[in-house]
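Novice: Here it is, the structure, as structure tokens.
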Amino acid sequence: MLICESLGKFKFDPDRRFKILKELLSGNAAIARGAYEFGVTLAAGYPGTPSTEILENLSRYEGIYSEWAPNEKVALEVAIGAAMAGARTLVTMKHVGVNVAADPLFTVAYTGVNGGLVLVSADDPGMHSSQNEQDNRYYAKSAKVAMLEPSDSQEAKDMVCLGLAISEQYDIPVMLRTTTRVSHSQSMVEMGEPVAREIKPYSKDVKKNLMVPAFGRLRRVSLADRMARLAEYSESTPVNFIVPGNDKVGVITSGISCQLVKEVLPDASVLKLGMTNPLPVGLIKKFAAQVEKLFVVEELEPYLEEQIRMLGIKVTGKEIFPYSGEFSQGLLRTCFASAGVLPAQPKFEDPAKGLPQAPPRPPVLCAGCPHRGVFYTLRRLKLTVTGDIGCYTLGGLPPLEGIDACVCMGASIGMAHGIDKAVPELKGRTVAVIGDSTFLHSGITGLLNAVYNNSDSTVIILDNRTTAMTGHQDHPATGRNLMGQEAPEVDITMLCRSLGVKRVEVVDPLDISRLQEVIKAETAAPGPSVIIARRPCALLKREVKPAVTVDQEKCTGCKTCLKLSCPAISVIENKALVSADACVGCNLCVQVCKTGAMQRGQADA
Amino acid sequence: MLKPIDVLMVGVGGQGTILASKVLAAVAQAVGYDIKVSEIHGMAQRGGSVVTQVRLGEKVYSPLISEGEADVILAFEELEALRWLSYLKPGGIIIINNQQIYPVSVLAGAAEYPQNIIPQVQSRGVNVQVLQALEHAIACGNAKAANVVLLGALAQKLPIEEKIWRDALAATIPPRLLEVNNAAFTAGFTAATSGTGC
């Protein structure tokens, strides 16, 4: 049964539902499908693992306008406008993207919407591809918006529908929080036919939409009222329900943890919370009274646990379940065994016991990444380097070690300026490194600040013509948009000049000697400088030139080439070896080789 | 209710684990199994360690496989076989492609690629099937079909009839590459049957 039926006002053609076809979809593909089936007219977002594939899938459906915005704040603002004007909207981002979008989020809760607005926050417990593992359920509580948490792909799709319905009925944005294992796991989903896309009428209403203090105060009261009504709805929503089991052990859980609990404790009573803000206080009390011992199973922070404790209910949570990382069945079994709920786990006979440890295989910059030489050069020049989000964080690991720090999108530029202003010894020795997509996301204001405050810092924009790390999404400087159409292409050089940067140099990062010369000149020069190192991502534009060869006589085994951290190069028995399969002929190693052993490959005659 | 069959596919970014899991998923669907597939995106293209977890059965809840739970580990590379061996359940089988891809730490001389991984794994009393998937794939006409050679070996270990696998290959692989991949599948299936794996 589709959960949308509980909301009477939501238009849904019942006759269409019975032509059921099932498909194996990732949570992200299911969210896109949900947006298609349930009347979303506009979708916007910024790429970020694990959220990226939602809009990539969505852009393939006819009849929905979708776009990559330069950052998450803009994406949400686009959706707020569209929703205010009456359209159903979807906004997607990774967990840290919500930090960027938080400003409009906290106030759109006041104004409310008109057409439904669902904001997908894709959290990343375990930090598979993120700089932190913040728990975005607190955003829903703090901003006072509704939150839904699916536990598989079917629920992910259904909750787009429910989210839109709640949003319209309660005049509030709805956050749909996934985690990596919901976004990137595939499970079976029932396909439905799309409802008609309709735009609700718009009428000017400044008391609702113009958030000056006088009206904001009114909407603050309204928000409290809307949340109170939502709390009532949370008691009866079909996504909050009790799975009856034995009365000895009860578990309250949400999201992916529900699936793990069903597997680990198949006979326990479970209160599955699909709506985690506001919480169904009555239902929680009722459930707690039914069971002898109550547990809360939730990844990351004790979000549910703290609120349940506030109700005066005795519950076991973070004293046995970890705060950080992902959960697994194995981990939950061990935790429940420690609490006496499961018998002591049989001693695990690890087949790998006594075998050598496998050396790690972290991701590396690709063979032929044109920007590898920048990190090599920065390291050689012994500069202090503030880095930024994207592939280029990989330039910080040994043996490249070309970055000192990385905090968040766009941070490199402000950080370099801060160092420049505060520490005289590092003046002229500090460089910010940022990708093109990241620069357009949130580097522009940092650069404006550096100009305005008369910085001597140097910014290197590694312009690979795409958003590479998340799988090559377009952005305002690529000349294409999400829907595959041609788009105006921002000129990054002119953009930097117009911000007031007098010294802007464009270099080819594959020309190491020139690159080094420019970096030396620009770090020494007073005033802010920008160096644009421009070469497309090696995966984007596969220009495979003949592989480098090694003159065995000349090679002394000095291993200088290894400092490039290129997966195509190894040194075996004191001789360098270039894998002809992996090498794309970028010839960086030819340039750093001191003995002339590395030689440009010759095209076959 | 029967416990799901848990298959862990491990390898190095770019080796085709994702296509292999797509074929297995199509097979499971054709049989009418419930299925969950879990993989990690984001870093896979950058030569990192990749793992795809596939669970199929009457009803599957968790998309994840824990240590000591995998019925089958399909290892596309030796070091990855070693890395994920702890996930094999007692009595499970690990199918290892005898290919070695050095991580950068090894290339740079900062770490050593462990020697004799396969005999060492065998010495632990684990059920091992070794396959020269790359050689078989090259013999079939395309080195990239090594993933399908491995699927052929997997098919030999699972109670699902061959035709369903063939249909799944046809539904997943572009027509112009189907012949090579069908041959690769046969090569893997036969090699696994013969028991020598070579």
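From the backbone N, Cα and C atoms, a Cβ is placed for every residue, glycine too.
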Novice: Since TrEMBL lists A:CYS555, A:CYS558, A:CYS561 for [4Fe-4S] cluster 1, which candidate among A:CYS406, A:CYS408, A:CYS496, A:CYS593 does it give for that site as well?
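Specialist: For [4Fe-4S] cluster 1, TrEMBL names A:CYS555, A:CYS558, A:CYS561; of A:CYS406, A:CYS408, A:CYS496, A:CYS593, the listed one is A:CYS593.
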Novice: If TrEMBL gives A:CYS583, A:CYS586, A:CYS589 as binding [4Fe-4S] cluster 2, which of A:CYS537, A:CYS566 does it give for that site as well?
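Specialist: As annotated by TrEMBL, A:CYS583, A:CYS586, A:CYS589 share the [4Fe-4S] cluster 2 site with A:CYS566, chosen from A:CYS537, A:CYS566.
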Novice: Please identify, among the binding-site residues A:CYS566, A:CYS583, A:CYS589, the one with the smallest Cα-Cα distance to A:CYS558 ([4Fe-4S] cluster 1 binding site).
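Specialist: So, of the listed binding-site residues, the one sitting closest to A:CYS558 ([4Fe-4S] cluster 1 binding site) is A:CYS589.
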Novice: Summarise the model's confidence over the domain '4Fe-4S ferredoxin-type' (A:575-603) as a mean pLDDT value.
Specialist: 93
Novice: A:CYS583 ([4Fe-4S] cluster 2 binding site) to A:CYS561 ([4Fe-4S] cluster 1 binding site): how many Å between their Cα atoms?
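Specialist: Distance (Cα to Cα, whole Å): 13 Å.
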Novice: For a quick check of packing: other C-beta atoms within 10 Å of the C-beta of A:CYS558 ([4Fe-4S] cluster 1 binding site), how many?
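Specialist: Taking every protein chain into account, the count is 14.
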Novice: How many of the residues that make up the domain '4Fe-4S ferredoxin-type' (A:546-574) does DSSP mark as helix, as strand and as coil?
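Specialist: Once the DSSP states are binned, the domain '4Fe-4S ferredoxin-type' (A:546-574) shows 5 helix, 6 strand, 18 coil.
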Novice: Going by Cα-Cα distance, which of the binding-site residues (A:CYS566, A:CYS586, A:CYS589) sits nearest to A:CYS555 ([4Fe-4S] cluster 1 binding site)?
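Specialist: Nearest candidate: A:CYS589.
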Novice: Radius 10 Å, atoms counted are CB only; among the binding-site residues A:CYS555, A:CYS566, A:CYS583, which position scores highest?
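Specialist: Compared across A:CYS555, A:CYS566, A:CYS583, the most Cβ atoms within 10 Å surround A:CYS566.
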Novice: Cα-Cα, whole number of Å: A:CYS586 ([4Fe-4S] cluster 2 binding site) versus A:CYS561 ([4Fe-4S] cluster 1 binding site)?
Specialist: 13
